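K.L.:
Sharing a structure with you now.
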Amino acid sequence: MPNFKSKKIKEINLPYSKDDVEFLWLAKNDNVSLIYTKVQEESFFLQIKKAQNGFVIKGDKHTKPSKIGYLQKALKIFKEGFCEDIINEAFGLKNNALIEKTPFIVDNFDELLSRLQGKIYIEIGFGSGRHLLYQAKENPNVLILGVEIYNPALTQVAKLAKAQNVNNILLIQSDARLLLSVLKSKSVEKIFLHFPVPWDKKPHRRVIGKDFCKECARVLVQNGRFELRTDSFEYFNFTLEQFLTFPAPKFSLRKNENLEISSKYEDRWKKQEKNIYDLWVWNFNQECKNYELNEFNLSSVEFSKEDLKKIEQNFKNITIKKDDFFLHFESIYKQDENLLLKVAFGAFNKPEHCYLHLDKTIDFAFKEPFKIQENIKAINELKEILKVQFKI
């Protein structure tokens, strides 16, 4: 994560803007200050944290922009405008950093869903993008949707797609399980999962599970196919067991088959003479329906100045666990007379992190989380906790 360390920070008078970077407002607690930052069409927090002999300035990991160049540029402008005695820095803004909006990266699910059409392939954890770009070139009439947790991978593959004149890809930063949950039923032709982290000693952390397999079956078209490629026999066998719970699935099992394209991980495993396993699954015959999305309905909550004082005074770092969702109050920040809450919530295997801005009403400081049922339930619980636990 790009960052730098400074001995001194000047007085921060906001709003402040320079070179398409805007610092609009600041919220803080005893240890951390958050600066609401806009670069072109994206918003995120810069984080200032007290450290030994100074301050560490970096991007907040739960609001970081989809393009690393935005964060690098914001750090550069903040350093030049507000900092003295720089101790060290690790955010050099390169001339080829991806700053301009790229059509290959979508910022949220609403934008994604509006752009999905025709035949769709999904690659989960596309990494360096070798296989994803290969599929895009081989299937020019198919939209290749790549989902990846790590932002740098999105930026790298978007650059490669532009350089190679590949136009039929879309990339999104997300947990794959969350992505599948928002897609329409029977809308995807193929799902690729190549060389996932096997988690052989911690199988509960695997993306594969019963719910994931059900979602694959729901979103795949009739005779649509799930394809796993892995060097872990344990992962291969575990995945097979999950799909065997369906009534009459069909399988293709292969070992050490050379494909037309090889990822950097596959190259490494072959040099180590590891076995490579392929598992293809289709014919799920899964009855399914599209989910009806509800609203968060935050407009029903109103606060007085006295309410906000009580929330600030009575705030506790607490976690509420229900059968199918959780809610964790992580931190609270003061923004003039208003408050900022950081919370984690949602399904246990698809957690969300977000900031809520509290003034006379309550709203999400950034984009809304997607309206899956677990998130709706968690936000409804949050509204009740604010009234009961924090005594307003």
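Note that the numbers count up from 1, one per residue, in the order the chain is shown.
Placement of Cβ uses the backbone N, Cα and C atoms for every residue, glycine included.
Copied straight from Swiss-Prot:
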| type | residues | note |
| --- | --- | --- |
| BINDING | GLU123, GLU148, ASP175 | S-adenosyl-L-methionine binding site |
| BINDING | LYS201, ASP231 | substrate binding site |
K.L.:
Going by DSSP, is GLU123 (S-adenosyl-L-methionine binding site) part of a helix, a strand, or coil?
P.N.:
strand
K.L.:
Setting GLU123, GLU148, ASP175 aside, what same-chain residues sit with their Cβ within 8 Å of the center of the Cβ atoms that define the S-adenosyl-L-methionine site, listed in sequence order?
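P.N.:
Sorted by sequence, the hits are ILE124, GLY125, PHE126, GLY146, VAL147, ILE149, ILE172, GLN173, SER174, ALA176, LEU179.
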K.L.:
Could you give the maximum C-alpha to C-alpha distance in Å for the residues GLU123, GLU148, ASP175 that bind S-adenosyl-L-methionine per the record?
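P.N.:
Binding-site diameter by Cα atoms for S-adenosyl-L-methionine: 12 Å.
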K.L.:
Using Cβ-Cβ distances, find the residues under 8 Å from GLU123 (S-adenosyl-L-methionine binding site) that belong to the same chain and are at least 6 apart in sequence, listing them in sequence order.
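P.N.:
Expected: HIS131, LEU132, GLN135, ILE144, LEU145, GLY146, VAL147, ILE191, PHE192, LEU193, HIS194.
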K.L.:
For LYS201 (substrate binding site), what is the tally of other C-beta atoms lying within 10 angstroms of its C-beta?
P.N.:
7
K.L.:
Give me the CA-CA distance between ASP231 (substrate binding site) and ASP175 (S-adenosyl-L-methionine binding site), in Å, as a whole number.
P.N.:
22
K.L.:
How long is the line from the C-alpha of GLU148 (S-adenosyl-L-methionine binding site) to the C-alpha of LYS201 (substrate binding site), rounded to the nearest angstrom?
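P.N.:
The separation of the Cα atoms works out to 23 Å.
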K.L.:
Near the Cβ of ASP231 (substrate binding site), how many other Cβ atoms are there if near means within 10 Å?
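P.N.:
Other Cβ atoms found within 10 Å: 18.
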K.L.:
In sequence order, which residues at least six apart in the same chain have a CB under 8 Å from the CB of ASP175 (S-adenosyl-L-methionine binding site)?
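P.N.:
Listed in sequence order: ILE149, LYS350.
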K.L.:
Going by DSSP, is GLU148 (S-adenosyl-L-methionine binding site) sitting in a helix, a strand, or coil?
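P.N.:
In the DSSP reduction, GLU148 (S-adenosyl-L-methionine binding site) maps to strand.
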K.L.:
Near GLU148 (S-adenosyl-L-methionine binding site), how many other Cβ atoms are within 10 Å of its Cβ?
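P.N.:
Within a 10 Å radius of the Cβ of GLU148 (S-adenosyl-L-methionine binding site) lie 22 other Cβ atoms.
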